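As structure tokens, the structure follows; a few thoughts come after it.
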Amino acid sequence: MLKIFIRRPVLSTVISVIIIVLGIMGISSLPVAQYPDIAPPTIQVSASYPGANTTTLINSVVFPLEQQINGVEGMSYMTSTSSNTGSASISIFFTVGVDPDQAAVDVQNRISTVLSKLPAAVTQAGVTVRKQQNSNVLIIGLYSNSPQYDQKFLQNYAAINLVPQLQRANGVGGATVFGGAMTYSMRIWLQPDKMADYGLNPSDITTALSNQNFNAAPGKVGDNGNQAFQYDITYSGTLVSIEQFESIIVKAIGNGQYLYLKDVARIELGTQTYTGSTSINGKPGVAVAISQTPGSNAQEVIQGAQKVMAEAAKSFPSGVQSLELVNINNFLSESIDKVLHTLVECFLLVFVVILIFLQDVRSTIIHGVSVPVSIIGTFFFLYVFGYSLNLLTLFALVLAIGIVVDDAVVVVEAVHSKLESGYTSPRKAAIDAMGEIAPAIVSITLVMASVFLPVTFMGGSAGVFYKQFGITLAFAIMISALNALTLSPALAAMFLKPPVHVKEGEKPTFLQKIKTGFNAGYDKVVHKYSSAVAS
């Protein structure tokens, strides 16, 4: 069987070329990330109960939601937080491998069955369910040098003008504005003394607001068939200005007079909360955090977001500027570059060591061709298994260089041994050598695979590390074995020649003197070491 590859070196070469082409296709499609995605999928449920304290939130919102969510398929555990500002959140953690999209749907279905039991103010504000991103690849700061634009303006400007554009960028999983919940809101500050004079309580105000601030479909006038004309009734919809809110009628006080909201409250356009503030370079500012979707290329996500920000900066208000606060691309690129340099250095080191000890350029070329085939071909299998090009897989490839070169060394040494024993035909020497060592190569490969493949069955976050590391090394070793059975013997039959010995009386060349001196010195070291061990 193996004679075919030796007698037909083109066939062996084609197999290696196919492996390289597949590897190049894989590396061009592999997503780039700093580390493997080991964090469990997390779904975050957020609710708001204006005016409620922590105890009220827990009893009326968090506890009913937790009871209903508990036990959702694939759930590992969950945590909840609540604050005196009226906001509560529940984080549901799922086991590694669960589809986050399906998990969000399952949680949403559970929540929909309990909405009727929540306070009306909570359901009116909405209970949001979203996938929680594990890490941010880019954080952009937005600040103003002009006192005309405060943090309230900047946060709303970012939420309205920047976030929608960033979310449309390829690979962006989410864009979140940090800096406090300063969304524009109509603030109604009740005056207790005036309300007491008219016998009012806060529920009377909320009732008046809900009755006079809503969207409706008023219909038509003259829709009867006997009417000559029909008129569509227009309605302004929800209130938008301070004056409109001030004109809300709270109650009738007799004699054709009405009590308006402005009589018992002060109304202003403010923010949803005033609980936080952010400054950048000593100026009011906000931060926009950008996260990537699972399986996306972090470098491409960052480049796409930077392009969006560069285009948006052209229309910034005067004095508003942006800067990058966090960019993992800098560390990611530097880290991957260092690992790639190590990969090249390791390959060159192996190349030099083989050249020194085998003392044959032809043999060294065989190794120089075989090793890259194994390394490049591994990228295809990384792509097939859905892995990313990260520090862990690159580190595994660095270690693989020292392992995959062994198969080619065994083949070349075996052919060398045959040639030195008197074989005059390199092809015959390669055929006989492979007949002896082919079972050994297969055995070595199976033993090495049995070391790395079992760890791929480990679960949990640590299992992700072991799995990617083991799969990378296992496939590099198996491709190396395939090369050792096909390409390496074919190259050995083509390149290797019977050794030329110095004839008696013939003056050795300078290179032969170096080889003789090195071998003599090496033999002395081996002899001394053997003697020391034996004693």
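Even glycines carry a Cβ here, placed using N, Cα and C.
The shown structure was predicted, so the numbers you read here are calculated from the model rather than taken from an experiment.
The transmembrane segment annotation in TrEMBL covers 12-33, 339-358, 365-385, 391-416, 437-457, 469-496.
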Q: Could you name the stretch, out of 12-33, 339-358, 365-385, 391-416, 469-496, with the greatest number of CB pairs under 8 A to the transmembrane segment (437-457)?
A: 469-496
Q. Any chance the transmembrane segment (391-416) and the transmembrane segment (339-358) have 3 or more Cβ pairs under 8 A, given the pairs are 6 or more apart in sequence?
A. yes
Q) Thinking of Cβ pairs under 8 Å, which stretch from 12-33, 365-385, 469-496 has the most of them with the transmembrane segment (339-358)? A) 365-385
Q. Taking residues 6+ outside the transmembrane segment (469-496), which of them lie with a CB under 8 Å of any CB in it?
A. 2, 5-6, 8-9, 11-13, 15-16, 19, 360, 362-363, 365-366, 369-371, 373-375, 377-378, 381-382, 385, 387, 392-393, 395-397, 399-400, 403-408, 410-412, 415-416, 419, 426-427, 429-431, 433-434, 438, 441-442, 444-445, 448-449, 452-456
